[in-house]
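Engineer: Could you have a look at this structure, given as C-alpha cells, before my questions?
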C-alpha cells in the first residue's frame, strides 16, 4: 500500500502573493525547504497529489492562460529535481458556490477514496490554511498547517518531512481465538523496555531478552488454555509477535534487512566466522543467529535439548516458537546452538535472535533494501 501526501499549492508549494493569484511568472517563488522535504518523503515511499482551490479559474478575472504558464513552470522545476506529482486536482469554484469539490469538501477525492492500494494510516495533508486541516479531518488523515504570516500554523517543511518519514515504527496486535487471547504492543524505535505476562514465567523471561537485546519496547499480555498445556500460548504468542513486527516495519524502507553482525572486535569468538551469524557465548554454550526480513518465511534450527522443559517451558516448543515468529513476520531465520546446559542454550537462542534483530531493524536512510521493489 502506498501513502500519499495531499498538498495545497498556493502558500504551500509556492509563496502566495498579496492578491492570492499566481497569474504571472514573476510571482512564482517556491516555499522555503519544500524541495528537500519532498525528496525525503519521496525516498520514504510517499506519492504526492496537489489539491488546490483556484477561485474562478477560467473566468475573465482569472484567465486559464494566466494560470497555465506559471503552473507548468512550477511542475517542471519540481520534475527537474526528481519530484513528480501523481495528480493535480483543481477546484475552480468561488467560495460562495459552496461546491462539494471545494476544500474543505472532499468531492475531488472520490477516485482516491475508492482506491484500496492507498495507505490511509500513513497519508497526510499539508496546507497553509485552516480549511486544509478541515480537509484532512474530513478524509480522516493527519493534517499539517504550514507556518505563514497570513494564517498562522505551526509547521515548516523540514519538520513535516521528519515527522512523516522518520515516524516511530509501532504496532498493536490483538489475537483472540478460542484457545488464547494475546495483545502485543511494539515500538521498534522506543526505549528498550519489556512488560510481559504470559502465565509462564520462564517464557516471560525469554521474551524480555528480545526486548532488551534487540533494543525495542515490547509489551505482551497473553491469556491461554494453560490448563491443557503450554503449546497454544507459546505458539500464538510467536504468531502475534511476528504479526506486530511485520506491521511495525511497514514497507521496510531503510531497514538493514539482514541480521548477522559479523565480529568487529579485535578478538574473534570461536566459531563465529564458521556460523556466519551473530554468535554469542553463555558459559559453555554458544548460539548463532542469522536472519533476513525477505518476506519469505523460513526457519532452520540446529540444536538439541536433553531436558523435557526448562522452568515451565517445554524445550520442544523453543524451536516451535521461533518457527511461528518467522511465519507471521515473514522472516528467514537460521538458528543454531550447542552446549551442555539446556537453560543456557534456550536463553542463548533468544539473545542471539535479539542481537540479530537489532541489526536488521536499524534504519539506514529510506531506500528499500531490495532490487525487486518490494519485500
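Along the chain as shown, residues are numbered 1 onward.
Keep in mind that glycine also has a Cβ here, set from the backbone N, Cα and C atoms.
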Engineer: Can you match one of 128, 154, 156 to the Mg(2+) site that Swiss-Prot gives for 8, 10?
Structural biologist: 128
Engineer: List the residues in the vicinity of the Mg(2+) site, defined as same-chain residues other than 8, 10, 128 with C-beta within 8 angstroms of the site's C-beta centre.
Structural biologist: 9, 11, 12, 13, 16, 52, 127, 129, 132, 146
Engineer: Tell me whether residue 10 (active site, proton donor) sits in a helix, a strand or coil according to DSSP.
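Structural biologist: The residue in question, residue 10 (active site, proton donor), is strand (DSSP, three-state).
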Engineer: Once near-sequence residues are set aside, which residues in the chain of residue 128 (Mg(2+) binding site), 6 or more away, have Cβ atoms under 8 Å from its Cβ?
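Structural biologist: In sequence order, the residues whose Cβ lies under 8 Å from that of residue 128 (Mg(2+) binding site) (at least 6 apart) are 8, 10, 11, 12, 16, 145, 146, 148, 150, 151, 153.
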Engineer: Which state, by DSSP, holds residue 128 (Mg(2+) binding site): helix, strand or coil?
Structural biologist: coil
Engineer: On a count of neighbouring CB atoms within 10 A, which of the active-site residues 8, 10 is highest?
Structural biologist: 8
